[in-house]
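If you check Swiss-Prot, you get these features:
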type: BINDING; residues: 119, 120, 121, 122, 172, 173, 174, 175, 176, 177, 178, 179, 180; note: GTP binding site
type: BINDING; residues: 253, 259, 261, 267; note: Zn(2+) binding site
type: DOMAIN; residues: 70-229; note: domain 'CP-type G'
C-alpha cells in the first residue's frame, strides 16, 4: 500500500503522483472506495489534491482509499490546498466589487488564505486604473494584492515566491486571464487561452477540469471558472461573521454578536460606515447578499 497525490482526472482514470518517488501513475478506483467520511450520504467523489492509498494489482494501479481532507471546495472539486489566489480582470470581463465580495465571503467561510491578483491593467487608461486601484486598496487591510500587466511577461516574476512549496488554487471568473497568468509563470505549460465573448462580455471556458501543475516546489491548481457562487450555503444571520472589516467594529455594537448591522441602534459597523471607515459599496453588497439569501430560502421553502 502506497500514498499518492491526485493530480488530474480524465475519462474515468486518475493521474496520481507517488508521495515518496514522485512517479506519475495512471490509476483507477478499486471497487467500493473507502473514505474518511463514512456517514456522508451523497456519493463520495475523489478530488484533485486528495491523498490516496493505492496498490498494484495484476499490472493495474488501483485506488482503494481516500485519506482525510484538510479542506475542500466543491466548485471546483479540489482538496488539501494551502491558499487561494483570486484573479480578476480590470478590463474584460468587467470587474465588479460585488463579485469580489461574493468570492471573499464564500472563501472566508472556509477559513482559507486568500491572495488577490488583478490582471489586464495595461488595457485600461492610467486615470481609470488609479481610480479603481484607490478603491481596491481598501482590501489591502486584509489581503495581499498584486497587479499584473497582461502584455509584460516579466510582470509576474516577482510573484514566484508566493507559490513556493504550496498547493495553490487559482480561481476567478472565467475569462479573466488565469491560464495566461499561469503561462507567464511557466511557459512550458502552454495552457489554452480564449477570446472574450463580445456579445455577452463574459469569458468562454478554457479550463474544463481542475488539474495540478508542478511549480516552484509545490503545485498550482488551474480550475474551471466558478460558474455559480451559491450564497445559500449561508444563513443570513451568519453572514456578518465572514466580513473581517465588520468584525473590527462589531464589538462596539450595543447588541454585540446579535447585531445584524442593519436596523439596530448603536451599531458599531454603521457608525464606521458613517465615518467612511467602511466603504458604501462594501456595506451595500452586504445588504444585497442578505436580501438574495432570504429570497432564495423563501423560494426553496415554497417549492416544498
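Glycine too: its Cβ is placed from the backbone N, Cα and C atoms.
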>> Residues other than 253, 259, 261, 267 within 8 Å, Cβ to Cβ centroid, of the Zn(2+) site?
In response: 240, 250, 254, 255, 260, 262, 264, 266, 268, 269, 270
>> Rank aside, I only need the closest one: which of the binding-site residues 121, 172, 178 has its C-alpha nearest to that of residue 259 (Zn(2+) binding site)?
In response: 172
>> Here's one to test understanding: among the binding-site residues 253, 261, 267, whose C-alpha is closest in space to the C-alpha of residue 172 (GTP binding site)?
In response: 261
> Which one is closest to residue 174 (GTP binding site) in space, judged by CA to CA distance, out of the binding-site residues 253, 261, 267?
Replying inline: 261
>> Return only the integer: C-alpha distance in Å from residue 253 (Zn(2+) binding site) to residue 121 (GTP binding site).
In response: 39
> C-alpha of residue 178 (GTP binding site) to C-alpha of residue 261 (Zn(2+) binding site): distance in Å?
Replying inline: 36
> Any idea what the Cα distance is from residue 121 (GTP binding site) over to residue 267 (Zn(2+) binding site), rounded to a whole Å?
Replying inline: 38
> Averaged over the whole of the domain 'CP-type G' (70-229), what is the pLDDT?
Replying inline: 80
> How many other Cβ atoms are found within 10 Å of the Cβ atom of residue 174 (GTP binding site), counting all protein chains shown?
Replying inline: 19
